[in-house]
Amino acid sequence: MSASEKANEPFLITTAISYPNGAPHIGHAYEVIATDAIARFHRLDGRDVLFTTGTDEHGLKIQQTAAKAGVTPRAFVDDMAGRFKAVADRLDCTYDRFIRTTEADHYAAAQELWRRMEAKGDIYLAKYAGWYSVRDEAYYDEAETVLGPDGGRRSIKTDTPVEWMEEENYLFRLSKYQEPLLKLYAEQPDFLGPETRMNEVASFVRSGLKDLSMSRTTFDWGVPVPDHPGHVMYVWVDALTNYLTVTGFPDPAAPNARFWPASLHIIGKDIVRFHAVYWPAFLMSAGLPLPKRIFGHGFFLSRGEKISKSLGNVVDPLDLVGTYGVDPVRYFLLREAPFGGDGNYDHEVIINRINADLANDLGNLAQRSLSMIAKNCEGMVPEPGTFTEADERLLAAAAALPDKTRGLMQNLALHAILAEIWAVVGEANRYFASEEPWKLRKSDPARMNTVLYVTVETLRRVGLMVQPFVPTAGAALLDLLAVPVDRRSFAFTGEEHRLRGGTPLPAPAPIFPRFEKPEAMA
Ligand code: ME8
């Protein structure tokens, strides 16, 4: 939630839409998992959430890749979109719509946005020439390119080959929006995060904006420009509009119309300029409200190297999940790197995280306390006696989690939320070890009951808070604590919803098994 937002407003949260010209990789997985965790958090906190993700299916690159594969662009994207959707499903992502830019309602939205910008006088026909990168679907200035070792020119920023292109196409008066954009950044500093990205974008805009090429005539795999046969929209114009399409734009009476303006666009750091410069400029031109916030997350690298097909280190998210399980992969990706910074992906680090944080700290504590209850308390939540200072301290630490995590969520500090939750888990482990309930069984069973009670009530609150991040394990833990499914939102974290002594509990079962390295990986 941005500072300017109220807790009861509808909350549209989106991922970037992926290019389906290659298979889904760990970067795509990271983005959709993080966005899902944020969406789940707000839903559990009682907000009206619309969460969308999808595929960006037009452009020359897709047309060329399909041609190479010997199929039509349509058949190609149909197949690939299914693969991206399957990954989001397998990662337990609770998107409300998987939007594909080849869908009919998206064409209608993109064409209407175009018409409004044109009606405003912001779109004009001109001859455009420049160094064009097919990979980036973008033109570069000569100064933004260098001669590569093969004698061909490349973009300095993205290291992709560029070729000289000249076409007559439509341009957007981006230059007109330089001042309004700078005003936006100044008045709404949380429009774009993290702060470093805002500084980069503001200085890019300050250095001067040139009008933007908006249509292509050299290929036809795109959304037709309305009333101008032979032109298709520049793929970014069409792609950005997906965020409006999902709200039913342009129909003000559409069921999802209340979700515009979007609350949060989650994107990677490489596409910040498109979202924080072009997108608000298009919307200003069309007279539409601007998204409240954009956040550019970092990149996941494989042992410090960029993930790329040529380096042969592309990680298939389905393989990763097959090896480690969905919740461990979600936990690892969100815990490993500060959201906004880059992360390193490494098998050893994943295994350590799974075994230390999940299996030992949380899994073992649940297993030990719940098996003691099964054996010594007739399988029911024990009745606590008077709380000691140590009991109160642990319960208070757990009770502070919802407010602490809400605060951190405002800054999208997902890794810090997990660190806070696991700090309480650590505290609970120290408490359990120092209270030694297994010794109290004979010497002071009433005190044993209290210690076990405090431990499982702490686990209940932890269980509620981990749901956005590790949904299956969170649900399993709450099942073991007999917390009814309709009492799992953050409204139930409070004291008055504590576990009740005498509630029968199911037989304990492990929630996070240890990861044992198969021979082949050792
Ligand atoms: O950019 N680590 O699509 P895309 C983390 N279609 N995130 C990564 C990553 C990595 N290694 N590699 C890519 C596009 N991403 C456009 C978006 S939105 C209107 C159009 C992120 O498939 C990347 O930053 O290349 C982007 O947010 C998303 O994955 C899709 O990238």
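Every residue number used here counts from 1 along the chain in the order it is shown.
Glycine is treated like the rest: Cβ placed from N, Cα and C.
Database features, via TrEMBL:
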- 11-144: domain 'Methionyl/Leucyl tRNA synthetase' (DOMAIN)
- 158-369: domain 'Methionyl/Leucyl tRNA synthetase' (DOMAIN)
- 381-514: domain 'Methionyl-tRNA synthetase anticodon-binding' (DOMAIN)
- 18-28: motif ''HIGH' region' (MOTIF)
- 306-310: motif ''KMSKS' region' (MOTIF)
Surrounding residues of the motif ''HIGH' region' (18-28) on its own chain - C-beta under 8 Å, 6+ positions past either end
54-57, 59, 61-62, 65, 76-77, 80-81, 83-84, 87, 268, 299-300, 302, 307, 309, 314-317, 320, 333, 345
Can you tell me the mean pLDDT for the motif ''HIGH' region' (18-28)?
94
Secondary structure split (DSSP) over the domain 'Methionyl-tRNA synthetase anticodon-binding' (381-514) reads 91 helix, 1 strand, 42 coil
Just give the helix, strand and coil counts over the motif ''HIGH' region' (18-28), going by DSSP.
3 helix, 1 strand, 7 coil
